[in-house]
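Report on the structure given below.
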Amino acid sequence: MTRFLFCLIFAGCDLTILLSVRQCPGDWLQGPYVYFLYSQYGFDKGDIGRLFIAGFGSSMLFGTIVGSLADKQGRKRACITYCITYILSCITKHSPQYKVLMVGRILGGIATSLLFSAFESWLVAEHNKRGFDPQWLSLTFSKAIFLGNGLVAIISGLFANLLADNLGFGPVAPFDAAACFLAIGMAIILSSWSENYGDPSENKDLISQFKVAATAIASDEKIALLGAIQSLFEGSMYTFVFLWTPALSPNEEDIPHGFIFATFMLSSMLGSSVASRLMARPTLKVEFYMQIVFAISAFTLLLPVIANFFLVTSGEKGGSMSFGGCIQLMGFCTFEACVGLFWPSIMKMRSQYIPEEARSTIMNFFRVPLNIFVCVVLYNVNAFPITVMFGMCSIFLFMAAILQRRLMTVAESHKSSKGGDWTAMREVGSEEEPLTA
């Protein structure tokens, strides 16, 4: 189970589309202990930052290629490739050698590119192919985030904490468990999924697919804005993934990584639940409420900066989480709630604005700037204090709110112009009818 855990059981249909896993046990089990495992192997923040750079850089370099191959060679094959690649990445975690860990991060970057494109592309294509109501996608996305990014993630975080801390198997145990779940997911995909593709033309190579995707982004402002918004938010989110551990334990405080991670996922689940209710209201546009979500998320990542100015830390090594850390933890939980709102909402907008024939390719195009951003931040992780990096993330999220406002304006003007054209056509027809009569 990985990217989404999409379970579609519709009335009157003998159909269960299971496991379009976004980040279920196969990925969530690893989250709480990636940074901690590297630190236990004796690597400092700069070394760990370079390992993260390898993952994001790999996703940036190979992302558009694997996304295009998913459209051309089949989304089901791409999902199977994701499972295999991520299992190999998990296996490398057993080695304390830096080069082996670097290979694991590169494999993980390739898997991430597939994770964030192939599964969603497969679901949207399968949904349309079977003739289901397009409005049902909103419900599917929100339930997927609620279950996969919420409930399963919470259980995974607690299970990882149980394996690593309570049972004493160490920080590598969650990665072994993740590999087992990935193998189960791959077996389900092989046995129950049908194949679907993007562009059906036989003679279109990768370069041609890149041109189609680039033309779509350049010619449609809505797609370009959506890509920029996604890059700004996800770039800040992935930077947060790296920063939350040192932010909550600046003096090596003893913090329960798995429990905190589960708390984050509970917040994300609550956010996705709110998103499902918001998207169920026909008068409330996704483009509108996401402006508020981005503004709130910008403020939450500004809290570490505020806490640094107004709260004094003891500077003593070890101990429990400080008062400033507790304040930041509440802010981080609010940010995770915004993440829970973000995923089903961005999926809904992508299903509306991105053309089907190059869906995976365009989605991976979006990931190029966000990977560049994260790589630049992590490369300079020792050059700037954590508060500066959180401040940059806050600025980028505020920019996302501004671009979201622009997207809403463009989308509304596009709809009004289409409506105006249709009204004019009807008026012309009504004027001509008496003359022909």
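Just so you know, the numbers here start at 1 and follow the chain as drawn.
Using the three backbone atoms N, Cα and C, a Cβ is placed for every residue, glycine included.
The signal peptide annotation in TrEMBL covers 1-20. Per TrEMBL, the feature transmembrane segment maps to 50-70, 103-124, 144-163, 175-193, 255-276, 288-310, 322-343, 364-380, 386-403. Feature annotation from TrEMBL assigns region 'Disordered' to 416-437.
Of the candidate ranges 103-124, 175-193, 255-276, 364-380, 386-403, 255-276 contributes the most Cβ pairs within a distance under 8 Å of the transmembrane segment (322-343). For the transmembrane segment (103-124), the partner stretch with the highest count of Cβ pairs under 8 angstroms, out of 175-193, 255-276, 288-310, 364-380, 386-403, is 364-380. In terms of C-beta pairs under 8 Å, the stretch of 255-276, 288-310, 364-380, 386-403 lying closest in packing to the transmembrane segment (50-70) is 364-380. Nonlocal intrachain contacts for the transmembrane segment (386-403), taken as residues 6+ away from its ends with a CB within less than 8 angstroms of a stretch CB, comprise 225, 228-229, 232-233, 235-236, 239-240, 243, 246-247, 250, 291-292, 294-295, 297-299, 301-305, 308, 373, 377.
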